[in-house]
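J.: Pulled the feature table from TrEMBL, pasting it below:
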- Asp30: active site, proton acceptor (ACT_SITE)
- Asp170: active site, proton donor (ACT_SITE)
- Ser4, His61, Gly137, Phe138, Gly139, Gly140, Asp170, Gly171, Gly172, Gly192, Thr193: substrate binding site (BINDING)
- His28, Asp30, His61, Asp170: divalent metal cation binding site (BINDING)
Amino acid sequence: MAPSILAADFAHLADEVRLVEQEADWLHIDVMDNHFVPNLTIGLPVVQSLRPITQLPFDVHLMIDEPRRWAPAYADAGAYNVTFHVEACDNPVALAKDLRAAGAKAGLAIDRDTPIEPYLELLPSFDTLLVMTIKAGFGGQRFLPALLEKVRLARTARESGHLELRIEVDGGIADDTIEQAAQAGADAFVAGTAVYGADDPAAAIRRLRALAASGVVGH
Ligand code: DX5
Ligand code: ZN
């Protein structure tokens, strides 16, 4: 479970992180540059400031142009996983190598309108595959179930290639959608609104985790 601080109160970020610290596995941090996506969020200085205040591993999701220029700095800042978009990068395998050399896991993100088939062969170079289940750019959008077909294809590729790969879904993950994502084969779940929009964010994570587990059992 990776709560996304995009839906948190930016005036109290440290407190918002502490609210989920006991229940989350990763803290998902959405970096947007107003170029790759129209939205503008947070960047390196905020990640650097947050790093010492929590033990949670940081799952940094870069929605930026030219990720080669910036991604390794997030690894240097102590991110556990750094994910960049395939649509923004002309040599994803080289950047994955750089990230691993900098001590982070390497993640590849696939946006709503990008087919996954051409990229399945790159997966051995990555630790994480992030399948968008919305169009990247904003929280609070409606989950698009048709995009789970990419999760199914990735899972088949993972099995046939005996890959160590986490398949993460991002966008519209909530009580009524997480089971189907788990059933399709996702094993990491980003949730912004469903966590920080809840009265009790920690309880929301527990509930989501239980629902995801029942989705796996039902598979
Ligand atoms: C959107 C971000 C997501 C966002 C998800 O581009 O990548 O991580 O925080 O928000 P919800 O869970 O509200 O769809
Ligand atoms: Zn994200």
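Along the chain as shown, residues are numbered 1 onward.
Just so you know, glycine gets a Cβ as well, placed from its N, Cα and C.
Heads up, TrEMBL stuff is auto-annotated, nobody curated it.
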J.: May I ask which of the recorded positions Asp30, Asp170, Thr193 have a CB within less than 6 Å of any atom of ligand 2, listed in sequence order?
T.: Asp30, Asp170
J.: In the same chain, which residues outside the set His28, Asp30, His61, Asp170 have their CB within 8 A of the centroid of the CB atoms that define the divalent metal cation site?
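T.: Surrounding the site, in chain order, are Ala2, Ser4, Leu6, Ile29, Asp59, Val60, Thr83, Leu130, Val190, Gly192.
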J.: Within 10 Å of Gly137 (substrate binding site) (Cα-Cα), which of the recorded positions His28, Asp30, His61, Asp170?
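T.: Correct set: Asp30.
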J.: From the recorded positions Ser4, Gly139, Asp170, Gly172, pick the residue whose C-alpha lies nearest to the C-alpha of His28 (divalent metal cation binding site).
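T.: Sorting the recorded positions by distance from His28 (divalent metal cation binding site), the top entry is Ser4.
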J.: Other Cβ atoms within 10 Å is the metric here; tell me which of the active-site residues Asp30, Asp170 scores highest.
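T.: Per the Cβ count, the most surrounded site is Asp170.
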J.: Under 8 Å between C-beta atoms and at least six apart in sequence, can you list the same-chain neighbours of Thr193 (substrate binding site), or say none if there are none?
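T.: Long-range Cβ contacts: Ala7, Gly139, Gly140, Ala174.
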J.: What does DSSP call His28 (divalent metal cation binding site) in the simple three-state scheme?
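T.: Once the DSSP labels are grouped into three classes, His28 (divalent metal cation binding site) ends up as strand.
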J.: Reduced to three states, what secondary structure does DSSP give Gly139 (substrate binding site)?
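T.: The residue in question, Gly139 (substrate binding site), is coil (DSSP, three-state).
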J.: Using Cα-Cα distances with a 10 Å cut-off, which of the binding-site residues Ser4, His61, Gly172 are near Asp30 (active site, proton acceptor)?
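T.: Among Ser4, His61, Gly172, the ones whose Cα sits within 10 Å of that of Asp30 (active site, proton acceptor) are Ser4, His61.
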